[in-house]
Amino acid sequence: MRHRLKENRHICSIEETRISQAEDRALPRRMKFLRALQKLRLASEKHPSTEKHLKSSYQIVKENERLLRSYPPYIVHPFSLLRMYSDVIVFIAMNLHLMLLPFAFSFLAFESHPTRHLVEYTDLFLCLILAAEFALTFCTGFVVFETNEIVLEPRKIFLNRLRPFRLTYDLFLFLPYILLLEVFDELILEAGVETCLGFVTFLYLANIARFRDSNRYFSVIPRSLQIPESKTRIVQVIMNTLYVLHWTTCLGYIIPVLLQAYLSVDSTDEEEIEQLDMMQTHMQYRNVSAAFHPVVNPFVRLRAGDFQNNASTTYRYFRSMMVTLRVGMAASEKKDIEEHFVYRWIMMLVMFLGWLWFHYIPVVLWRFFDSPEMATDQYDKFMANLNAFAYNKHLSASLRNKLRNNFATRFRTRYFDEEMIMGLFPQNLRSSIRMETCRHLVSSVDLFKNLPYFILTDIVNCLRLEIYLQDDVIIAAGSFGHSMYFLAMGTVAVYAMSGKELGHLTDGAYFGEISLIKRNQRRTANVIALEACEIYRLSHEDFQNVVKPHAYLLNRIRKQAEQRLAMMKKKKDKMYGKKLIEGFLQ
(Lines of atoms letter the chains of each structure in order from A; the text may use other names.)
(Lines give C-alpha, C1' and ligand atoms only; values in the text may rest on other atoms or scores of the structure.)
Protein backbone atom coordinates (compact mmCIF):
# COMPACT_ATOMS: atom_id res chain seq x y z
CA MET A 1 0.00 0.00 0.00
CA ARG A 2 2.69 2.47 0.98
CA HIS A 3 4.78 1.81 -2.13
CA ARG A 4 1.96 1.71 -4.62
CA LEU A 5 2.28 1.80 -8.36
CA LYS A 6 3.15 5.12 -9.94
CA GLU A 7 1.80 6.40 -13.23
CA ASN A 8 5.23 6.38 -14.83
CA ARG A 9 5.67 2.69 -13.99
CA HIS A 10 2.32 1.38 -15.22
CA ILE A 11 0.64 3.18 -18.08
CA CYS A 12 -2.70 1.48 -18.53
CA SER A 13 -3.33 0.49 -22.15
CA ILE A 14 -7.01 -0.45 -21.74
CA GLU A 15 -9.01 1.63 -24.20
CA GLU A 16 -11.64 2.91 -21.76
CA THR A 17 -9.00 3.91 -19.24
CA ARG A 18 -6.87 5.69 -21.83
CA ILE A 19 -9.90 7.64 -23.04
CA SER A 20 -10.81 8.72 -19.49
CA GLN A 21 -7.20 9.75 -18.82
CA ALA A 22 -7.16 11.81 -22.00
CA GLU A 23 -10.47 13.44 -21.02
CA ASP A 24 -9.05 14.35 -17.62
CA ARG A 25 -6.01 16.00 -19.21
CA ALA A 26 -8.26 17.97 -21.59
CA LEU A 27 -10.35 19.50 -18.77
CA PRO A 28 -10.08 23.30 -18.26
CA ARG A 29 -8.00 24.52 -15.33
CA ARG A 30 -11.06 25.50 -13.31
CA MET A 31 -12.44 21.94 -13.49
CA LYS A 32 -9.05 20.48 -12.64
CA PHE A 33 -8.90 22.76 -9.60
CA LEU A 34 -12.39 21.72 -8.47
CA ARG A 35 -11.50 18.04 -8.91
CA ALA A 36 -8.35 18.57 -6.87
CA LEU A 37 -10.44 20.13 -4.07
CA GLN A 38 -12.88 17.23 -4.22
CA LYS A 39 -10.01 14.77 -4.05
CA LEU A 40 -8.94 16.30 -0.73
CA ARG A 41 -12.11 15.03 0.97
CA LEU A 42 -11.95 11.51 -0.47
CA ALA A 43 -10.19 8.55 1.13
CA SER A 44 -6.52 8.51 0.17
CA GLU A 45 -3.86 5.83 0.30
CA LYS A 46 -1.48 8.44 1.77
CA HIS A 47 -3.43 8.69 5.03
CA PRO A 48 -1.66 6.52 7.64
CA SER A 49 -4.91 4.87 8.83
CA THR A 50 -5.99 3.81 5.35
CA GLU A 51 -3.67 0.82 5.29
CA LYS A 52 -5.26 -0.56 8.45
CA HIS A 53 -8.91 -0.15 7.43
CA LEU A 54 -8.81 -0.08 3.59
CA LYS A 55 -6.13 -2.53 2.56
CA SER A 56 -6.27 -2.27 -1.22
CA SER A 57 -6.89 0.21 -4.03
CA TYR A 58 -10.18 -1.51 -4.80
CA GLN A 59 -11.47 -0.90 -1.26
CA ILE A 60 -10.41 2.75 -1.47
CA VAL A 61 -12.22 3.17 -4.80
CA LYS A 62 -15.38 1.52 -3.47
CA GLU A 63 -15.30 3.65 -0.33
CA ASN A 64 -15.00 6.82 -2.41
CA GLU A 65 -17.81 5.69 -4.69
CA ARG A 66 -19.98 5.21 -1.60
CA LEU A 67 -19.08 8.69 -0.37
CA LEU A 68 -19.80 10.37 -3.71
CA ARG A 69 -22.96 8.39 -4.45
CA SER A 70 -24.76 8.36 -1.11
CA TYR A 71 -23.68 11.38 0.92
CA PRO A 72 -23.69 15.20 0.58
CA PRO A 73 -20.65 16.98 -0.90
CA TYR A 74 -19.68 18.56 2.43
CA ILE A 75 -18.96 15.19 4.11
CA VAL A 76 -15.22 14.54 4.54
CA HIS A 77 -13.84 11.02 4.77
CA PRO A 78 -11.86 10.34 7.99
CA PHE A 79 -8.98 8.92 5.89
CA SER A 80 -8.77 11.84 3.47
CA LEU A 81 -5.82 14.09 2.70
CA LEU A 82 -7.77 17.00 4.17
CA ARG A 83 -8.00 15.18 7.50
CA MET A 84 -4.33 14.25 7.44
CA TYR A 85 -3.19 17.83 6.76
CA SER A 86 -5.64 19.29 9.27
CA ASP A 87 -4.50 16.84 11.97
CA VAL A 88 -0.90 18.00 11.57
CA ILE A 89 -1.91 21.68 11.63
CA VAL A 90 -4.21 21.19 14.63
CA PHE A 91 -1.51 19.32 16.54
CA ILE A 92 0.87 22.25 16.13
CA ALA A 93 -1.84 24.85 16.85
CA MET A 94 -3.16 22.99 19.90
CA ASN A 95 0.23 22.60 21.54
CA LEU A 96 1.21 26.21 20.86
CA HIS A 97 -2.10 27.35 22.31
CA LEU A 98 -1.69 25.20 25.43
CA MET A 99 1.88 26.45 25.92
CA LEU A 100 1.11 30.15 25.41
CA LEU A 101 -1.89 30.32 27.77
CA PRO A 102 -0.12 29.61 31.09
CA PHE A 103 2.98 31.53 30.03
CA ALA A 104 0.94 34.64 29.24
CA PHE A 105 -1.12 34.62 32.46
CA SER A 106 1.88 33.88 34.66
CA PHE A 107 4.70 35.98 33.21
CA LEU A 108 3.04 38.63 31.03
CA ALA A 109 -0.12 39.45 33.01
CA PHE A 110 1.15 42.57 34.82
CA GLU A 111 3.38 43.89 32.06
CA SER A 112 2.54 46.33 29.28
CA HIS A 113 5.16 44.77 27.08
CA PRO A 114 4.89 44.49 23.26
CA THR A 115 5.54 40.76 23.62
CA ARG A 116 2.26 40.38 25.47
CA HIS A 117 0.26 41.86 22.61
CA LEU A 118 2.08 39.63 20.12
CA VAL A 119 1.21 36.60 22.25
CA GLU A 120 -2.42 37.67 22.44
CA TYR A 121 -2.76 38.05 18.65
CA THR A 122 -0.96 34.75 18.08
CA ASP A 123 -3.19 32.89 20.51
CA LEU A 124 -6.34 34.36 18.98
CA PHE A 125 -5.19 33.11 15.59
CA LEU A 126 -4.58 29.65 17.08
CA CYS A 127 -8.09 29.72 18.60
CA LEU A 128 -9.50 30.40 15.14
CA ILE A 129 -7.68 27.34 13.79
CA LEU A 130 -9.05 25.20 16.63
CA ALA A 131 -12.55 26.58 16.06
CA ALA A 132 -12.28 25.69 12.36
CA GLU A 133 -11.22 22.16 13.35
CA PHE A 134 -14.23 21.96 15.69
CA ALA A 135 -16.53 22.90 12.80
CA LEU A 136 -14.79 20.44 10.46
CA THR A 137 -15.45 17.54 12.82
CA PHE A 138 -19.20 17.99 12.21
CA CYS A 139 -18.53 17.22 8.53
CA THR A 140 -16.05 14.38 9.07
CA GLY A 141 -16.94 10.71 9.28
CA PHE A 142 -15.67 8.54 12.10
CA VAL A 143 -14.66 4.94 12.69
CA VAL A 144 -16.41 2.64 15.13
CA PHE A 145 -13.33 0.79 16.33
CA GLU A 146 -15.28 -2.11 17.83
CA THR A 147 -16.60 -3.07 14.38
CA ASN A 148 -14.20 -1.14 12.07
CA GLU A 149 -17.28 0.46 10.51
CA ILE A 150 -16.68 3.79 8.75
CA VAL A 151 -19.68 6.05 9.47
CA LEU A 152 -20.37 8.78 6.89
CA GLU A 153 -24.05 9.47 7.50
CA PRO A 154 -24.48 13.21 8.39
CA ARG A 155 -27.11 12.57 11.09
CA LYS A 156 -24.95 10.01 12.93
CA ILE A 157 -21.90 12.28 12.68
CA PHE A 158 -23.90 15.21 14.08
CA LEU A 159 -25.30 13.17 16.99
CA ASN A 160 -21.87 11.74 17.75
CA ARG A 161 -20.42 15.25 18.04
CA LEU A 162 -23.39 16.57 20.06
CA ARG A 163 -22.90 14.30 23.04
CA PRO A 164 -23.07 16.79 25.97
CA PHE A 165 -19.80 15.97 27.69
CA ARG A 166 -17.83 15.80 24.45
CA LEU A 167 -19.36 19.00 23.09
CA THR A 168 -18.52 20.92 26.28
CA TYR A 169 -15.05 19.42 26.39
CA ASP A 170 -14.33 20.49 22.80
CA LEU A 171 -15.77 23.98 23.25
CA PHE A 172 -13.50 24.70 26.21
CA LEU A 173 -10.43 24.12 24.06
CA PHE A 174 -10.72 27.07 21.70
CA LEU A 175 -12.44 29.64 23.93
CA PRO A 176 -10.33 32.85 23.75
CA TYR A 177 -9.17 32.89 27.38
CA ILE A 178 -6.30 35.12 26.29
CA LEU A 179 -8.68 38.12 26.07
CA LEU A 180 -8.92 38.10 29.88
CA LEU A 181 -5.23 38.90 29.99
CA GLU A 182 -5.97 42.58 29.33
CA VAL A 183 -8.03 42.87 32.52
CA PHE A 184 -6.42 40.13 34.61
CA ASP A 185 -4.82 42.56 37.11
CA GLU A 186 -8.14 44.40 37.50
CA LEU A 187 -10.01 41.11 38.03
CA ILE A 188 -7.87 40.44 41.11
CA LEU A 189 -9.32 43.56 42.67
CA GLU A 190 -12.86 43.47 41.26
CA ALA A 191 -13.77 39.76 41.09
CA GLY A 192 -11.62 38.75 43.98
CA VAL A 193 -8.42 36.78 44.25
CA GLU A 194 -10.35 33.58 44.91
CA THR A 195 -11.94 33.89 41.46
CA CYS A 196 -8.60 34.49 39.77
CA LEU A 197 -7.00 31.62 41.65
CA GLY A 198 -9.88 29.37 40.63
CA PHE A 199 -9.57 30.52 37.01
CA VAL A 200 -5.82 29.77 36.88
CA THR A 201 -6.39 26.36 38.48
CA PHE A 202 -9.19 25.68 36.00
CA LEU A 203 -6.87 26.45 33.09
CA TYR A 204 -4.32 24.05 34.52
CA LEU A 205 -6.71 21.14 35.10
CA ALA A 206 -8.72 21.64 31.91
CA ASN A 207 -5.70 21.76 29.65
CA ILE A 208 -3.64 19.04 31.34
CA ALA A 209 -6.61 16.84 30.37
CA ARG A 210 -5.69 17.54 26.73
CA PHE A 211 -2.99 14.85 26.81
CA ARG A 212 -5.22 12.41 24.98
CA ASP A 213 -6.12 14.84 22.20
CA SER A 214 -2.54 15.96 21.71
CA ASN A 215 -1.29 12.38 21.52
CA ARG A 216 -4.09 11.44 19.10
CA TYR A 217 -3.17 14.20 16.67
CA PHE A 218 0.53 13.54 17.19
CA SER A 219 0.15 9.89 16.17
CA VAL A 220 -0.68 10.94 12.59
CA ILE A 221 2.77 12.48 12.02
CA PRO A 222 5.04 9.48 12.82
CA ARG A 223 2.68 7.07 11.05
CA SER A 224 2.84 9.26 7.94
CA LEU A 225 6.65 9.19 8.16
CA GLN A 226 6.65 5.43 8.96
CA ILE A 227 8.44 5.92 12.29
CA PRO A 228 8.41 2.78 14.49
CA GLU A 229 5.79 2.67 17.22
CA SER A 230 8.32 2.29 20.05
CA LYS A 231 10.19 5.46 19.06
CA THR A 232 6.91 7.32 18.76
CA ARG A 233 5.96 6.42 22.33
CA ILE A 234 9.31 7.59 23.66
CA VAL A 235 8.82 10.94 21.95
CA GLN A 236 5.31 11.11 23.42
CA VAL A 237 6.62 10.52 26.94
CA ILE A 238 9.22 13.27 26.52
CA MET A 239 6.64 15.63 25.02
CA ASN A 240 4.14 14.97 27.82
CA THR A 241 6.84 15.45 30.48
CA LEU A 242 7.78 18.86 29.08
CA TYR A 243 4.10 19.74 28.78
CA VAL A 244 3.35 19.03 32.46
CA LEU A 245 6.58 20.71 33.58
CA HIS A 246 5.72 23.85 31.61
CA TRP A 247 2.22 24.15 33.06
CA THR A 248 3.39 23.46 36.62
CA THR A 249 6.21 26.00 36.21
CA CYS A 250 3.76 28.71 35.20
CA LEU A 251 1.27 27.75 37.90
CA GLY A 252 3.98 27.74 40.57
CA TYR A 253 5.00 31.28 39.59
CA ILE A 254 1.59 33.02 39.57
CA ILE A 255 -0.03 31.39 42.62
CA PRO A 256 2.23 33.06 45.28
CA VAL A 257 1.41 36.48 43.82
CA LEU A 258 -2.32 35.71 44.00
CA LEU A 259 -2.03 34.27 47.51
CA GLN A 260 -0.20 37.34 48.82
CA ALA A 261 -2.99 39.51 47.41
CA TYR A 262 -5.42 37.15 49.17
CA LEU A 263 -3.68 37.76 52.49
CA SER A 264 -3.88 41.50 52.01
CA VAL A 265 -7.57 41.42 51.11
CA ASP A 266 -8.56 39.41 54.19
CA SER A 267 -6.37 41.38 56.59
CA THR A 268 -8.04 43.70 59.13
CA ASP A 269 -4.84 45.37 60.29
CA GLU A 270 -4.78 49.10 59.45
CA GLU A 271 -1.19 48.89 58.20
CA GLU A 272 -2.02 46.01 55.85
CA ILE A 273 -5.14 47.84 54.63
CA GLU A 274 -2.87 50.70 53.66
CA GLN A 275 -0.69 48.15 51.84
CA LEU A 276 -3.78 46.94 49.99
CA ASP A 277 -4.69 50.49 48.93
CA MET A 278 -1.13 51.00 47.76
CA MET A 279 -1.24 47.69 45.85
CA GLN A 280 -4.50 48.65 44.17
CA THR A 281 -3.06 51.98 43.09
CA HIS A 282 0.15 50.51 41.72
CA MET A 283 -1.50 47.55 39.99
CA GLN A 284 -3.70 49.93 38.05
CA TYR A 285 -0.48 51.31 36.59
CA ARG A 286 1.03 47.83 36.19
CA ASN A 287 3.68 48.51 38.86
CA VAL A 288 3.52 45.26 40.81
CA SER A 289 6.94 45.69 42.42
CA ALA A 290 5.80 48.83 44.23
CA ALA A 291 2.59 47.10 45.30
CA PHE A 292 4.54 44.29 47.00
CA HIS A 293 7.32 46.53 48.36
CA PRO A 294 6.12 46.30 52.02
CA VAL A 295 5.84 42.50 51.87
CA VAL A 296 8.17 40.66 54.25
CA ASN A 297 7.83 37.16 52.75
CA PRO A 298 11.16 36.53 50.91
CA PHE A 299 9.54 34.16 48.40
CA VAL A 300 7.00 36.75 47.26
CA ARG A 301 9.58 39.58 47.44
CA LEU A 302 11.72 37.54 45.05
CA ARG A 303 8.92 37.56 42.52
CA ALA A 304 8.15 41.23 43.08
CA GLY A 305 11.86 41.97 42.73
CA ASP A 306 11.77 40.47 39.23
CA PHE A 307 9.62 43.36 38.06
CA GLN A 308 11.62 45.95 39.99
CA ASN A 309 14.93 44.73 38.55
CA ASN A 310 13.45 44.31 35.08
CA ALA A 311 14.49 40.67 35.03
CA SER A 312 13.93 39.13 31.63
CA THR A 313 10.91 36.90 31.12
CA THR A 314 13.19 34.06 30.03
CA TYR A 315 15.19 34.30 33.26
CA ARG A 316 12.05 34.26 35.42
CA TYR A 317 10.62 31.32 33.48
CA PHE A 318 13.69 29.10 33.77
CA ARG A 319 14.21 29.99 37.43
CA SER A 320 10.64 28.96 38.18
CA MET A 321 11.21 25.76 36.20
CA MET A 322 14.24 24.92 38.32
CA VAL A 323 12.17 25.45 41.48
CA THR A 324 9.45 23.17 40.10
CA LEU A 325 11.98 20.48 39.21
CA ARG A 326 13.54 20.65 42.68
CA VAL A 327 10.14 20.37 44.32
CA GLY A 328 9.09 17.56 41.98
CA MET A 329 12.24 15.59 42.80
CA ALA A 330 11.94 16.34 46.54
CA ALA A 331 15.17 18.37 46.50
CA SER A 332 13.75 21.82 47.26
CA GLU A 333 14.95 24.24 49.94
CA LYS A 334 12.92 26.36 52.33
CA LYS A 335 13.43 29.48 50.26
CA ASP A 336 11.79 27.74 47.29
CA ILE A 337 8.38 27.45 48.98
CA GLU A 338 6.10 30.21 50.16
CA GLU A 339 4.77 29.81 53.68
CA HIS A 340 1.08 30.05 52.80
CA PHE A 341 -0.69 26.73 53.50
CA VAL A 342 -2.43 26.64 50.09
CA TYR A 343 0.87 26.96 48.30
CA ARG A 344 2.42 24.32 50.56
CA TRP A 345 -0.39 21.89 49.74
CA ILE A 346 0.02 22.57 46.04
CA MET A 347 3.76 22.02 46.23
CA MET A 348 3.23 18.79 48.17
CA LEU A 349 0.93 17.66 45.38
CA VAL A 350 3.58 18.64 42.83
CA MET A 351 6.15 16.65 44.83
CA PHE A 352 3.92 13.58 44.88
CA LEU A 353 3.08 13.83 41.18
CA GLY A 354 6.74 14.40 40.37
CA TRP A 355 7.67 11.28 42.31
CA LEU A 356 5.05 9.30 40.39
CA TRP A 357 6.05 10.76 37.04
CA PHE A 358 9.79 10.25 37.36
CA HIS A 359 9.25 6.68 38.49
CA TYR A 360 6.73 6.08 35.72
CA ILE A 361 9.11 7.08 32.91
CA PRO A 362 11.70 4.27 33.54
CA VAL A 363 8.86 1.72 33.66
CA VAL A 364 7.49 3.00 30.35
CA LEU A 365 10.89 2.99 28.71
CA TRP A 366 11.60 -0.51 30.00
CA ARG A 367 8.29 -1.65 28.58
CA PHE A 368 9.16 -0.11 25.21
CA PHE A 369 12.47 -1.94 24.99
CA ASP A 370 11.34 -5.25 26.45
CA SER A 371 7.69 -5.99 25.76
CA PRO A 372 7.37 -9.23 23.79
CA GLU A 373 3.62 -9.28 24.37
CA MET A 374 3.05 -6.12 22.35
CA ALA A 375 2.32 -6.74 18.67
CA THR A 376 3.73 -3.43 17.47
CA ASP A 377 6.97 -3.87 19.39
CA GLN A 378 7.36 -7.38 18.06
CA TYR A 379 6.83 -6.04 14.57
CA ASP A 380 9.55 -3.40 15.08
CA LYS A 381 11.92 -6.00 16.52
CA PHE A 382 11.42 -8.32 13.57
CA MET A 383 11.94 -5.40 11.17
CA ALA A 384 15.23 -4.61 12.95
CA ASN A 385 16.29 -8.26 12.61
CA LEU A 386 15.34 -8.18 8.95
CA ASN A 387 17.41 -5.05 8.34
CA ALA A 388 20.40 -6.59 10.16
CA PHE A 389 20.05 -9.76 8.09
CA ALA A 390 19.95 -7.79 4.83
CA TYR A 391 22.98 -5.74 5.88
CA ASN A 392 24.97 -8.82 6.91
CA LYS A 393 24.18 -10.60 3.62
CA HIS A 394 25.09 -7.50 1.57
CA LEU A 395 21.74 -7.55 -0.20
CA SER A 396 21.00 -4.87 -2.76
CA ALA A 397 18.81 -1.90 -1.83
CA SER A 398 15.98 -3.06 -4.11
CA LEU A 399 15.95 -6.55 -2.58
CA ARG A 400 15.99 -5.07 0.94
CA ASN A 401 12.95 -2.98 0.10
CA LYS A 402 11.19 -6.04 -1.30
CA LEU A 403 11.82 -7.98 1.91
CA ARG A 404 10.54 -5.13 4.05
CA ASN A 405 7.50 -4.50 1.86
CA ASN A 406 6.60 -8.18 1.80
CA PHE A 407 6.71 -8.36 5.58
CA ALA A 408 4.82 -5.07 5.96
CA THR A 409 2.06 -6.26 3.62
CA ARG A 410 1.74 -9.55 5.45
CA PHE A 411 1.50 -8.15 8.99
CA ARG A 412 0.60 -4.44 8.56
CA THR A 413 2.53 -3.21 11.65
CA ARG A 414 1.00 -5.93 13.90
CA TYR A 415 3.20 -9.00 14.23
CA PHE A 416 1.77 -12.40 15.19
CA ASP A 417 2.90 -16.01 14.88
CA GLU A 418 0.03 -17.59 12.96
CA GLU A 419 1.28 -21.17 13.25
CA MET A 420 1.66 -20.87 17.01
CA ILE A 421 -1.78 -19.30 17.42
CA MET A 422 -3.54 -21.81 15.18
CA GLY A 423 -1.75 -24.65 16.94
CA LEU A 424 -3.44 -23.71 20.20
CA PHE A 425 -6.91 -24.54 18.86
CA PRO A 426 -8.51 -27.84 17.90
CA GLN A 427 -9.15 -28.73 14.26
CA ASN A 428 -12.78 -27.62 14.25
CA LEU A 429 -11.88 -24.10 15.45
CA ARG A 430 -9.03 -23.84 12.94
CA SER A 431 -11.47 -24.77 10.17
CA SER A 432 -13.98 -22.20 11.42
CA ILE A 433 -11.32 -19.47 11.37
CA ARG A 434 -10.25 -20.31 7.83
CA MET A 435 -13.85 -20.56 6.62
CA GLU A 436 -14.71 -17.15 8.05
CA THR A 437 -11.73 -15.49 6.36
CA CYS A 438 -11.74 -17.34 3.00
CA ARG A 439 -15.20 -18.75 2.35
CA HIS A 440 -16.29 -15.70 0.33
CA LEU A 441 -13.38 -16.34 -2.06
CA VAL A 442 -14.14 -20.01 -2.66
CA SER A 443 -17.94 -19.78 -2.84
CA SER A 444 -17.79 -17.25 -5.70
CA VAL A 445 -16.08 -19.74 -8.07
CA ASP A 446 -18.43 -21.24 -10.68
CA LEU A 447 -16.78 -24.67 -10.42
CA PHE A 448 -17.42 -24.80 -6.66
CA LYS A 449 -21.04 -23.70 -6.64
CA ASN A 450 -23.49 -26.06 -4.93
CA LEU A 451 -20.66 -28.08 -3.39
CA PRO A 452 -21.39 -29.53 0.07
CA TYR A 453 -20.20 -27.47 3.05
CA PHE A 454 -17.69 -30.11 4.20
CA ILE A 455 -16.07 -30.11 0.74
CA LEU A 456 -15.73 -26.32 0.82
CA THR A 457 -14.21 -26.61 4.29
CA ASP A 458 -11.59 -29.06 3.04
CA ILE A 459 -10.80 -26.80 0.07
CA VAL A 460 -10.42 -23.75 2.33
CA ASN A 461 -8.06 -25.68 4.62
CA CYS A 462 -5.81 -26.32 1.60
CA LEU A 463 -5.38 -22.62 0.74
CA ARG A 464 -1.90 -21.14 1.20
CA LEU A 465 -1.37 -17.39 1.61
CA GLU A 466 1.23 -15.78 -0.66
CA ILE A 467 2.33 -12.14 -0.90
CA TYR A 468 3.12 -10.56 -4.27
CA LEU A 469 4.57 -7.08 -4.56
CA GLN A 470 4.22 -4.54 -7.32
CA ASP A 471 5.44 -5.79 -10.72
CA ASP A 472 5.75 -9.40 -9.49
CA VAL A 473 4.72 -12.00 -12.10
CA ILE A 474 2.03 -14.27 -10.66
CA ILE A 475 1.34 -16.26 -13.83
CA ALA A 476 3.55 -16.31 -16.93
CA ALA A 477 1.92 -16.95 -20.33
CA GLY A 478 3.01 -20.25 -21.85
CA SER A 479 3.85 -21.90 -18.54
CA PHE A 480 2.07 -25.05 -17.35
CA GLY A 481 -0.61 -24.41 -14.76
CA HIS A 482 -0.47 -26.21 -11.45
CA SER A 483 -2.52 -23.94 -9.14
CA MET A 484 -5.58 -21.75 -8.88
CA TYR A 485 -5.32 -18.28 -7.32
CA PHE A 486 -7.78 -16.28 -5.18
CA LEU A 487 -7.12 -12.54 -4.96
CA ALA A 488 -7.98 -11.58 -1.39
CA MET A 489 -6.64 -8.00 -1.55
CA GLY A 490 -4.91 -6.00 -4.24
CA THR A 491 -5.05 -5.35 -7.97
CA VAL A 492 -3.51 -7.37 -10.80
CA ALA A 493 -3.31 -6.73 -14.55
CA VAL A 494 -3.98 -9.43 -17.17
CA TYR A 495 -1.90 -9.30 -20.37
CA ALA A 496 -2.31 -11.36 -23.53
CA MET A 497 0.70 -13.15 -25.03
CA SER A 498 0.98 -10.29 -27.51
CA GLY A 499 1.49 -7.87 -24.62
CA LYS A 500 -1.91 -6.21 -24.90
CA GLU A 501 -3.48 -5.35 -21.56
CA LEU A 502 -6.82 -7.15 -21.27
CA GLY A 503 -8.07 -5.85 -17.92
CA HIS A 504 -7.65 -5.65 -14.16
CA LEU A 505 -8.73 -8.01 -11.39
CA THR A 506 -9.42 -6.74 -7.87
CA ASP A 507 -10.46 -8.01 -4.42
CA GLY A 508 -12.44 -11.25 -4.54
CA ALA A 509 -11.41 -12.24 -8.08
CA TYR A 510 -9.92 -15.62 -9.02
CA PHE A 511 -7.99 -17.03 -11.97
CA GLY A 512 -6.29 -20.22 -13.12
CA GLU A 513 -9.18 -22.51 -12.14
CA ILE A 514 -8.74 -24.76 -15.22
CA SER A 515 -5.41 -25.94 -13.76
CA LEU A 516 -7.29 -27.76 -11.02
CA ILE A 517 -8.75 -30.14 -13.61
CA LYS A 518 -6.05 -30.17 -16.31
CA ARG A 519 -2.60 -29.89 -14.85
CA ASN A 520 -0.72 -29.64 -18.13
CA GLN A 521 -2.90 -26.88 -19.52
CA ARG A 522 -0.74 -23.99 -20.78
CA ARG A 523 -1.40 -20.52 -19.41
CA THR A 524 -2.79 -18.19 -22.06
CA ALA A 525 -2.10 -14.86 -20.31
CA ASN A 526 0.32 -13.04 -18.02
CA VAL A 527 -0.94 -11.93 -14.63
CA ILE A 528 1.17 -9.22 -12.96
CA ALA A 529 0.64 -7.49 -9.60
CA LEU A 530 0.01 -3.75 -9.82
CA GLU A 531 0.30 -3.28 -6.05
CA ALA A 532 1.02 -5.37 -2.98
CA CYS A 533 -1.42 -8.30 -3.15
CA GLU A 534 -2.56 -10.98 -0.71
CA ILE A 535 -3.30 -14.10 -2.75
CA TYR A 536 -4.44 -17.56 -1.64
CA ARG A 537 -3.15 -20.43 -3.77
CA LEU A 538 -4.89 -23.80 -4.22
CA SER A 539 -2.65 -26.44 -5.78
CA HIS A 540 -3.80 -29.12 -8.23
CA GLU A 541 -2.67 -31.94 -5.92
CA ASP A 542 -4.52 -30.61 -2.87
CA PHE A 543 -7.72 -30.11 -4.82
CA GLN A 544 -7.57 -33.61 -6.33
CA ASN A 545 -6.98 -35.15 -2.89
CA VAL A 546 -10.10 -33.38 -1.57
CA VAL A 547 -12.44 -34.20 -4.47
CA LYS A 548 -11.12 -37.61 -5.62
CA PRO A 549 -13.08 -39.63 -2.99
CA HIS A 550 -16.27 -38.06 -4.36
CA ALA A 551 -16.29 -39.28 -7.98
CA TYR A 552 -19.68 -37.80 -8.86
CA LEU A 553 -18.51 -34.32 -7.79
CA LEU A 554 -15.26 -34.68 -9.71
CA ASN A 555 -17.11 -35.70 -12.87
CA ARG A 556 -19.47 -32.75 -12.54
CA ILE A 557 -16.60 -30.29 -12.05
CA ARG A 558 -14.73 -31.79 -15.03
CA LYS A 559 -17.79 -31.43 -17.22
CA GLN A 560 -18.18 -27.79 -16.20
CA ALA A 561 -14.49 -27.15 -16.91
CA GLU A 562 -14.71 -28.75 -20.34
CA GLN A 563 -17.76 -26.67 -21.21
CA ARG A 564 -15.93 -23.56 -20.11
CA LEU A 565 -12.87 -24.48 -22.20
CA ALA A 566 -15.08 -25.10 -25.23
CA MET A 567 -16.71 -21.71 -24.84
CA MET A 568 -13.33 -20.01 -24.51
CA LYS A 569 -12.03 -21.82 -27.60
CA LYS A 570 -15.14 -20.90 -29.57
CA LYS A 571 -14.81 -17.27 -28.57
CA LYS A 572 -11.12 -17.28 -29.47
CA ASP A 573 -11.79 -18.87 -32.89
CA LYS A 574 -14.52 -16.34 -33.57
CA MET A 575 -12.20 -13.43 -32.79
CA TYR A 576 -9.41 -15.01 -34.88
CA GLY A 577 -11.79 -15.54 -37.84
CA LYS A 578 -12.96 -11.95 -37.60
CA LYS A 579 -9.39 -10.72 -37.80
CA LEU A 580 -8.73 -12.94 -40.85
CA ILE A 581 -11.79 -11.50 -42.66
CA GLU A 582 -10.72 -7.94 -41.80
CA GLY A 583 -7.23 -8.68 -43.11
CA PHE A 584 -8.62 -10.20 -46.32
CA LEU A 585 -10.88 -7.20 -46.94
CA GLN A 586 -7.97 -4.83 -46.49
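The backbone N, Cα and C atoms fix where each Cβ goes, glycine too.
Taken straight from TrEMBL:
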- 88-110: transmembrane segment (TRANSMEM)
- 122-145: transmembrane segment (TRANSMEM)
- 165-181: transmembrane segment (TRANSMEM)
- 187-206: transmembrane segment (TRANSMEM)
- 341-361: transmembrane segment (TRANSMEM)
- 447-564: domain 'Cyclic nucleotide-binding' (DOMAIN)
- 473-496: transmembrane segment (TRANSMEM)
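If one looks beyond the transmembrane segment (165-181) by at least 6 residues along the same chain, the residues whose Cβ comes under 8 Å of a Cβ in the stretch are 94, 97, 100-101, 104-105, 108-109, 116, 119-120, 123-124, 127-128, 130-131, 133-134, 137, 187, 199, 203, 206, 210, 213. If you take every residue in the domain 'Cyclic nucleotide-binding' (447-564) and average the pLDDT, you get 85. The DSSP breakdown of the domain 'Cyclic nucleotide-binding' (447-564), given as helix, strand and coil counts, is 37 helix, 41 strand, 40 coil.
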